[in-house]
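Undergrad: Got a structure here, written out as structure tokens. Questions coming.
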Amino acid sequence: MVALGASLKQKWDAMRVKWSEMKIWDRIKVKWDEMKIKCHILWIKFLFDWSFGYSAVIAYNLLISLVPMIAALFGILILIIGSNNNLEATIKKRIVTSFSNETREGVGNLVDMAFNQVSQDVSIVLVISIILALIIGSRLFVAIDDCLTIVYRTKERSILRQNILAIKTLLLFIILIFLMVIASYAPTILFSIIPGQTGHVLSYIAAFIVSFCLSFVLFEFIYQTIPNKKMLFKETWCGALIAGFLLELFIILFSLYTKTSTSSYIGQIGFIVILLLFFYYFGLTLHIGAQINSLFYEQQQSFPYTFGTFVQHANNNYIEKEGQKLLSRTNGDTSHNNGTS
């Protein structure tokens with residue numbers, strides 16, 4: 001694998017000829033070959049850093065973090081609504097109508113039961129959910145910190161610093177999720193203001209732009225803050241832009257599926273599967289953006305072997321060196337004793 005990395009670098013350097021002497025088609029071909037080599041190197045780093053496996057770690061932590069975060073948001077929503085029955089009815093209607101016709105009755109009963117139960121003990125539910133959100137929800141960003149430590153080849157933070165950072169990042173994450181939910185209602189609001197097909201198209205374009213900007217801000221904050229090193233905007237914007245676009249692309253496809261394929265039980269099972277895939281896709285997207293920033297802007301090269309093999313070699317070298325030091329000290333003491341006797 002070391003030879004593979006060297007050969008790719010030699011091929012990359014060999015393509016750097018005088019740009020002015022090349023024809024347009026040759027320039028396009030060189031750029032295409034260069035892009036393929038860069039993608040190959042990126043794939044090797046992605047594979048050797050165990051990014052597929054660590055994406056699953058992020059997906060699992062995201063899954064278990066969502067429940068307390070949603071409970072906390074729900075409790076805050078109940079406090080905001082208070083005794084405003086009209087606002088409560090509007091929110092319930094929005095939630096129910098976002099599901100297919102076949103499932104609206106069951107969802108409506110579930111939403112009514114949740115509102116009634118939480119409104120009775122809103123203070124207790126809110127306190128418990130916030131505590132759980134801080135404890136369990138922050139594990140997501142602890143996991144992201146561990147993953148980016150490998151991607152960026154940085155030193156681990158102490159447990160205290162890591163958890164403080166995770167809680168601060170969690171609070172921003174909740175705010176961004178809340179803004180994304182509000183942005184999802186932008187098409188309905190704009191469509192009511194601008195009637196006709198034009199308003200319909202413009203409303204969805206505006207919603208996509210707003211949601212994409214929020215996704216970009218989320219990934220940009222993660223790439224700027226979580227790596228244990230000083231990061232500049234010029235070193236993180238590209239990965240955040242690509243990650244934000246990939247996330248929005250999946251959200252669009254996911255919303256299309258929920259509107260067209262959840263009318264049957266098979267479609268509802270598919271909905272659950274795709275939802276679980278979304279968590280894994282989020283981890284992959286985060287890793288793709290981080291790897292792009294690390295390789296092309298931080299110049300962090302891939303390991304010569306996969307991560308596990310690299311750790312094994314590093315461990316063997318460390319033990320061997322420490323053993324040699326111990327042996328040399330032992331031999332030195334022995335020779336010293338022999339000289340004095």
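Here, residue 1 is simply the first one shown, and the rest follow in order.
Placement of Cβ uses the backbone N, Cα and C atoms for every residue, glycine included.
Below, the features straight out of TrEMBL:
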- 57-81: transmembrane segment (TRANSMEM)
- 122-144: transmembrane segment (TRANSMEM)
- 165-195: transmembrane segment (TRANSMEM)
- 201-223: transmembrane segment (TRANSMEM)
- 235-257: transmembrane segment (TRANSMEM)
- 263-282: transmembrane segment (TRANSMEM)
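Any idea what these are sitting next to in the structure?
TA: Only residues 6 or more beyond the boundaries of the transmembrane segment (122-144), in the same chain, are considered here, and those with a CB under 8 A from a CB of the stretch are 57-58, 61-62, 64-65, 67-69, 71-72, 74-76, 78-79, 162-163, 165-167, 169-170, 173-174, 222, 226, 286.
Within the chain carrying the transmembrane segment (235-257), a Cβ under 8 angstroms from the stretch's Cβ atoms is held by residues 208, 211-213, 215-216, 218-220, 222-224, 270-271, 274-275, 278, 281-282, 285-286, 288-293, 296-298, all 6 or more beyond its ends.
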